[in-house]
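So that you can see what the record holds, here are the features copied from TrEMBL:
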SIGNAL    1-22  signal peptide
ACT_SITE  HIS411  active site
ACT_SITE  ASP463  active site
ACT_SITE  GLU472  active site
REGION    498-533  region 'Disordered'
DOMAIN    534-614  domain 'Carbohydrate binding'
Amino acid sequence: MGSSTSTISVLLFLGLVHFAVSGHDYKQALSKSILFFEAQRSGHLPPNQRVSWRSHSGLNDGKSIGVDLVGGYYDAGDNVKFGLPMAFTVTTMCWSIIEYGGQLASNGELGNAIDAIKWGTDYFIKAHPEPNVLYGEVGDGKSDHYCWQRPEEMTTDRRAYKLDRNNPGSDLAGETAAAMAAASIVFRRSDPSYSAELLRHAHELFEFADKYRGKYDSSITVAQKYYGSVSGYNDELLWAAAWLYQATNDRYYLDYLGKNGDSMGGTGWSMREFGWDVKYAGVQTLVAKILMQGKAGEHTAVFERYQEKAEQFMCSMLGKSTKNIQKTPGGLIFRQRWNNMQFVTSASFLAAVYSDYLSSSKRNLRCSQGNISPSKLLDFSKSQVDYILGDNPRGTSYMVGYGHNYPRQVHHRGSSIVSFKVDQKFVTCRGGYATWYSRKASDPNVLTGALVGGPDAYDNFADNRDNYEQTEPTTYNNAPLLGVLARLISGPTDFDQRLPGVSPTPSPVIIKPAPIPKRKPTTPPAPASSPSPITISQKMTRSWINEGNVYYRYSTKLTNRSTKRLKNLKISITKLYGPIWGVTKTGNSYGFPSWMKYLPAGKSMEFVYIHSAAPANVLVSNYSLE
């Protein structure tokens, strides 16, 4: 026993020495990890599709029930569109862009990452045709797993499964609300109209999730075996509220987090994982950010309890807590045998962003074993990513196509069967297993960028197609990795997340009229867009000089283009630095003036504001038509 242990120790030491001195091309890994999402696309593939061995698929999804459900993503190596992991994938991709969009842009990948998000959100818009209806799955795991076919010619059942008032799913609706809210932040500048549309869906989905409560797998029972909601729906409700607050600054969602943190487990659960099912660690990290920004207000005590749990999670990853996360002998965190890598990338992402939050607020991580420098969290993230990319006892890269020693027999239908573009000979349901699944050779199509399930608790790995626990990739393995890789490209220097980041609103100024100068705003006024049936337009009507400063008067016109009365209006206005007239402020939102109860069909209302800046950001965050 002693001799064997010594031999293993020496081998591990040699492996550790190897990866202590090695370096990785994070930019290349980032590009490949984003490319993987194009291999997972369902629907009509666009002309700029880069994964050339894929073709159109799932073109009749939803047709039998009269709903267009074409598009979206296949979650893993099968051909089912599972709503819960797909929504979590989009949320975490958005979070990666929100935190590290600058790094993605400087490395030429921001556009590709945004395209990957939009492929998901376009589908979610289709899947949410009514406020209280959400289609949560297309296809089912049982019939799909019985066959081994390319997605372009699958013959399996493509039934669509939905949630509604009588068949609720607060976890799935909540996660989809989070995805839409986070995506609205991503598109806010590049496509404000689309951003507003996403935000409207986010509001409706959150209300649906919160009002009609229940676990989605009790309504869509075919999902139980594959993506069962073990944690319930309280974490998703808090998660969605946190993202809606990030997207709107609406106090309603801040209060929701404050008033429900204790009862819904946000302040009580100390987690050892973060993933498509259990969101508490993510919620706790986001709420800690709000606290460090100085926005908690009356909820400070509750938010401090969220933060305490967030920091317990961080400390457990560093081995500095009373209960630490298990690691393999080679240093990889380990939660479970089946697709353990999902927890590695999500934990690494949380550690990276929290490291930056702490650095930006000039504080240390508080662990039971003492205060820890934020840089240790980033070091941890780097160690996990380096392990993934090949710095491990086996010298294996667990990202397909990165390095030289990566998995060649991936558990993935499209990758393992000859491309439909190369050979259109029909692959039968069971024939695919006989001809392609059992084939002991490298995949004919390289699934570039895919992050497979990874090694076991002892760093062992078998590159076999039937070893689905270790060789199957998933979209939610890759999604948080985007942010970690983007962050690591920047190196170990402190990264300013603009905390506390509370922009002071100047007191209203008394403005004396002056001759209109030739000087114009540095940013030309542009219409503020919002989804049909409501339009918003802005224009500068006057300018003044007061004590050397130029002030502008903006007129904003909101029009109800529907055939119904517009009621319950909520307007989100950001980057406003002066007085406003013609609307009533409630919390962080604005609504009709006190004398107006509704806006008739075809009519408009106007409000004005004055400040010394470009036009404020004006978006409709909520409304009803009656």
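Positions of Cβ are set from backbone N, Cα and C atoms, glycine also.
Per DSSP, the secondary structure of the domain 'Carbohydrate binding' (534-614) breaks down as 0 helix, 51 strand, 30 coil. Between the CA atoms of GLU472 (active site) and HIS411 (active site) there is a gap of 5 Å. Note: the CA-CA distance between HIS411 (active site) and ASP463 (active site) rounds to 9 Å. In terms of local Cβ density within 10 Å, GLU472 ranks first among the active-site residues ASP463, GLU472.
Counting every protein chain shown, the Cβ of HIS411 (active site) has 24 other Cβ atoms within 10 Å.
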